[in-house]
């Protein structure tokens, strides 16, 4: 059985596959109907309107409907698109057992415990026939798929076949029934539309299920007599053919397999049995441990079965449908219908070569599993699961045409077999965990041990090499040298696909694709939510693979995408250009046409083949949001610009790539304030203050405009801004502009008009305007403020003059990019012809203030322009004063069509911190990069850490220590630079490394010595702090080798034991008034795994406490343990004396919870013993043990991790990740 999907729920009583979609309905004993997607493994919907168990459910063949029947006597018809019940059919008087739609007519057949079968018209919503005759519960009823027949099974021990041809005729030609008398009492006595054709008697107890064969005149039934019976029928009679025995409890359901000559049954004996229909024997049995089976369902078109049991359901296949195949050159070798066949890709010819011997085993799933072809000797190895794993070696005769008799291959046992040389092949012997090298006579020539003790499969990896699969990794094994050349941690690998040049390999597991080099260096991993089925490399090095419903691609850098969807799963054998050659589940060769433009485009970008990219852009074969997003993500927004017509998207892309001209054109089209503002920000960043000025004008951002004129030294326009502020009655704007200009008289006037006479007086007096100051002082009188003492040294506050007063600030001159230059040759914007110099003339229009104080534009003057420019009363005046020579415009126009030098925003490089996080799975290296969020996620996943407060300071120190700050020029902040470890003078240049980490193993070893000394000196509080610091530092330690990893784990165990021991002792010292608890904690202290010196001291302490409290029996235990450790002579002498006293009176005055003869560990929270065999939970980080009640709390030992959390374990070295 190949389980494809499994659910956990209440007892499943009814199942139905959707004929087209990957859905299955499950009706539960709780009254709920579940709709599952078995391909994705997700619950799509649930329907809950029945009162009580729902025993029958069925999908309609073509409509979005399903029908259900339950113990509430109701039949409900549902529309799953509308997600509701359409109507309810009432008529049955007891539980409804099964319901089913007819294949062709709008009928539903239902079976009920009221001993009747009813046929309903779901369109008219009426009962059209009642089939009576059974005298006990009717357990099931079903239409024949083609004939006008209904089969029913009842607890009256019979199976009945009903003829409903009269009902069909009545439905097709209802006019014939006009002359009929009205039917009376049909509910009680049944109508004449359905009559019993056969009554099949033979079961000794009630029959639970009966089913038609889809094509043959056969019926199968299962009953409470534990038997499955096969019946045959003809036009006149029906008779029993055979009885299948094997179930040991009631048979719940039985059915014919739609595509094979087998019968499948399930039973309350918790088993599913498969029977060979021709041999009438059991072929396979599948058992569950605790769950009885109740229902079976078969997919109408696919090789899928489903079974419902007490705690859910399973969807499964009986046999693998993947054909065994191998590809060499332009030929496909594959097995179909017991023949080894070839398919020529170029001509499309399909020829049989030789006949493959049929396996002698009667079990299911015994067909060929894999195929290995040897072109040198024209031989094939066919592997299968027969007898636990075997292979057959066939040498193909040169004149073979496939018409010869079955060829006898050389057959032997082995889990896997593949060719490794011209005349040698390797066989995996799982029993002895060795690899056998054999010649073509099937003789062993060499043996070598498998590289892993759990190796369960081998794959071809080039001449003399094998890929050996174990549970969690795959190993590259050199057969000649008998050594492992490479190793890669992977999920369970099912298939291996090598590229044509053998430089790359794709490892396919159930839900992932791993791309690696020929030395098993991982390149990338693709994760899928549904099963990966097959894959092949195309000529350009792109891996094309299939899932259950898609053909996808994977680029060498890990980028992936969907090429097209699939109706049915296929197995890719070759990819050539736009053609995908594949085998379907029937073993037929298919050629699927695909559009590979998308991944070819991405690959060309990745490989920097810009000519190919340019060609694809010009041919406009690409479009869509995904391509645009991809180009943005990969740093090619200038390329994405040529795919986009939407102005808003064009604007965003232009801003990303620094293309101010395109952004300006898009902003003109959009003409929204937010876009003008963003254009101004980008132009200011580039130093193009002319466009900044234009953007501020469009948004009427007068404050920013004034400041722009200040920093660019454009005092003339700044004076005009002062005029505009005065017209707009903007007092603060006037004052700012006067301040920028250094116009003291204007500032004094503004302060006077605003009523701030004291400020006006001070401003005039300080700046030497004596006449104005005296006038204002006269107005102020006695309120005149005093002047500062050092007024003579006062200076006028004026901004510094700009160094450069040219049109724009110096722009970064970068050679025009490849795409900009090439694309500009063919794509010249329409505005270029009318544009002026540079980015075009941007004139500051004349400004007039309207009645509401807003500035309004005025048409240009037609008179003397010079006079207009000199006239200060004209608002802005005429701003056509950019005296640009004509040749500049000509140069600009010329530059538009040819590569030149202009500002291109340099694409930012990848910071070292980003490389650190991309290359590392160690939390410490993520902290060093400053990526605290990902570091915390890693610690949570690896160690179950939830409380990060104790790590805060350590993480900050680690991050700061991994960076150096390089000082810059004056008034510019320093530049942070990441420090990398392992650099030497011989290191190749520009090779990125990993971050320097301050916490090393040697540092922890030094702390451990300090902690040991504090413990020996009895400074327990101080020692506890040091041991805790070791515990908290270990998650942030990085080491180089696996040996050091083991040392770190050993150090973790030591720190944990001492932290718990010291906590116990400190707790004991707090409880001076509780002698019983004091003795218990003293006893537990002696069971912590400490150094012999500290263990002796703990035993002395416990001995002293218990002796003083007259617990002599317990004291004697401590004495004996202490003497076994060979203490100092004086200590040993005292222990012997105490032991003599205790042995004279071996009893305890106070009973304590301590049994030294029963092994135990101490709960780190409650400080109570957890004896061997008792339930316990542990901390995933430090490993402290706890009683089960502590599950889910923060560990009190390390104060970091959640007790009982799932975690992968401590990862502190790159050697653990490789």
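Each Cβ is built from the backbone N, Cα and C atoms, and glycine gets one as well.
In TrEMBL this protein carries:
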COMPBIAS  863-874  compositional bias 'Acidic residues'
DOMAIN    340-584  domain 'COPA/B second beta-propeller'
DOMAIN    611-773  domain 'COPA/B TPR'
DOMAIN    816-1218  domain 'Coatomer alpha subunit C-terminal'
REGION    855-885  region 'Disordered'
REPEAT    5-46  repeat 'WD'
REPEAT    47-88  repeat 'WD'
REPEAT    89-130  repeat 'WD'
REPEAT    131-172  repeat 'WD'
REPEAT    200-241  repeat 'WD'
REPEAT    244-285  repeat 'WD'
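Per-class residue totals from DSSP over the repeat 'WD' (89-130), listed helix then strand then coil: 0 helix, 25 strand, 17 coil. Non-local neighbours of the repeat 'WD' (244-285) in the same chain are 1, 208-214, 218, 220-224, 226-230, 291-296, 298-300, 303, 305, 307, 309, 318-319, 362-364; each lies 6+ residues outside the stretch with a CB under 8 Å from one of its CB atoms. Proximity of distant same-chain residues to the repeat 'WD' (5-46), defined by a Cβ-Cβ separation under 8 Å and at least 6 residues beyond the stretch ends, is recorded for 52-59, 61-62, 66, 68, 70, 78, 80, 83, 98, 294-301, 304, 306-315, 529-530, 548-549. Summarised by DSSP class, the composition of the repeat 'WD' (244-285) is 0 helix, 25 strand, 17 coil.
According to DSSP, the secondary structure content of the repeat 'WD' (131-172) in residues is 8 helix, 20 strand, 14 coil. Counting residues of the repeat 'WD' (47-88) by DSSP class, helix then strand then coil, yields 0 helix, 24 strand, 18 coil.
For the repeat 'WD' (47-88), the predicted model reports an average pLDDT of 93. Per-class residue totals from DSSP over the repeat 'WD' (200-241), listed helix then strand then coil: 0 helix, 25 strand, 17 coil.
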